[in-house]
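First comes the structure, then the notes that go with it.
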Amino acid sequence: MHCLLPIDAFMKAYTKYTSLISNIYKCRIAIYGHSASPAHRSAVQSVPRIQKQIMSPDSRLKSNIFALYAVQGLNYLVSFVTFPFLLVQLGTEGFGVMNFAFASIQYGVLLTDFGFNLSAVRDVAQARDNPKEAARIFWRVTWAKTLLMVASSLILLGLTFALGSWQQHASIFLWSQLYIVSSVLFPIWYFQGQEKLQLAAGLMVFARALTLGFLLLWVSGPQDLALAVILQAAPQILAGLLWWFTGWGAPKPEWVRVQWRELKGALRASWPFFLSAISTSLYTTSTTVLLGMFAAPLQVGLFAAANKLVYIAQGLIGPLVQATYPRIAQLAVNDKPAAIQLIKKAFRIQGAVGLLMTLALALFLPLLTPLCVQLFGADFGLSRAFLALNNSQNVMVWLSPVILLGALSLVYGQQTLLVFGFERYFSRVLVAAGLLNMALMCWWVPGSAQGGLRAAQSVLTVEAFIVLAFWWRARKIHAEHGGLNK
């Protein structure tokens, strides 16, 4: 974590230092007039330029991308360790139950977030030069999320004991609600809007590294399923507590009293984003939930294992989107051509990464599984994990193109339509996609012996529909401002 700490400190110290040097040299010129040496004059003239370069938006953007990739690198390490570890220790069925609970609880997380992870990021990014307004946004969103957390927790508590498929694993579903708490405690949206993600990255690195050790030490079999759930939810809670007590990374905003009408206004403003998130869940989260209702835990486990690998691969794209979205949103207000240029860069990079990861994942299991078994034997822990994953190979073939399609949908959707004010069209597309996925799942999965495969086919179909729908509207924006079509 400490390797990330000097970034902000260095910038602040260097700014003060160069300001001091500038003032000294200016005084020398004022006192001695033309007797000041050319080197002194050159130093005075170069200081503002150096300061501008160091503190420039591009420098801050690169720093944030680096910080996000540092966290994502740790996420990769943690995922590559915990994913096969939990699959082996909990078994395919236990792994399926855990992911069924996680997917179900995501409805509570979605209600608590209420789209603020997009709307609040945009608002903070556009108001970050006004500390009072940024503070008002922070407390307004925090109180709104707290109230929504209480409401969603009560609703899910009732459903846990009302639905048979949930009540059967009640303890797992109850402990999974820690994810709802974590979404409030750690305001990553505030760090993101302020473009101060270095310390947020450090906090997450520290918290994940700490809990990873406990996970590997304490989880030894299916009987530790609840403990595995707790330890996976703990990092974000720990990082949030550290920030609230220390204010590291992004100083806590000054206290602002929030009126009830402001909370209602925040909810109204974020409603299109919430609708988009709910619609997205109809073809993401709801896929696992419906599969858990229509198929055996084994099929849920097979789909969840393949889907987890896709999620890990998509993690390479996430930092680019998180870092560039607030910058594009800010540029879209004052400099639309510059926003389009940044979107063009995102299109090229995200498309290349998405294609690379799609091809890599499609070939991943067929190549590595026999190699690992040959080198280490079938009883070796890593070999057992690969053999378990190999059962999901048919599912993986259908899911892997989702990585590329998802990368393109982010460019056309979140990074173009949302920042240029087309929230309503964005929401309508996702609503249609969610309904399409629900229809396909209810048509293809019940009675099928390969429920996991049918779920993957449904996800791929829906993702292709989303990309085409987003592209159809975004192409007009890019054509108008000289974007991807030129």
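The backbone N, Cα and C atoms fix where each Cβ goes, glycine too.
These come from TrEMBL:
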- 65-88: transmembrane segment (TRANSMEM)
- 100-121: transmembrane segment (TRANSMEM)
- 142-166: transmembrane segment (TRANSMEM)
- 172-192: transmembrane segment (TRANSMEM)
- 199-219: transmembrane segment (TRANSMEM)
- 225-245: transmembrane segment (TRANSMEM)
- 266-283: transmembrane segment (TRANSMEM)
- 352-376: transmembrane segment (TRANSMEM)
- 396-413: transmembrane segment (TRANSMEM)
- 425-446: transmembrane segment (TRANSMEM)
- 452-472: transmembrane segment (TRANSMEM)
| query | What stretch of 100-121, 172-192, 396-413, 425-446, 452-472 shows the most Cβ pairs under 8 Å to the transmembrane segment (352-376)? | reply | 396-413
| Long-range neighbours of the transmembrane segment (452-472), counting only residues six or more past its ends (CB under 8 A) | 283-284, 287-288, 290-291, 295, 299-300, 302-303, 306, 392, 394-396, 398-399, 401-402, 405-406, 408-409, 412-413, 416-417, 426, 429-430, 432-433, 436-437, 440-441, 444-445
| Whether the transmembrane segment (100-121) meets the transmembrane segment (396-413): three or more C-beta pairs under 8 angstroms | no
| task | Could you tell me whether the transmembrane segment (266-283) and the transmembrane segment (172-192) have 3+ CB pairs under 8 A, leaving out pairs under 6 positions apart? | result | no
| What stretch, picked from 142-166, 266-283, 396-413, has the most CB pairs under 8 A with the transmembrane segment (425-446)? | 266-283
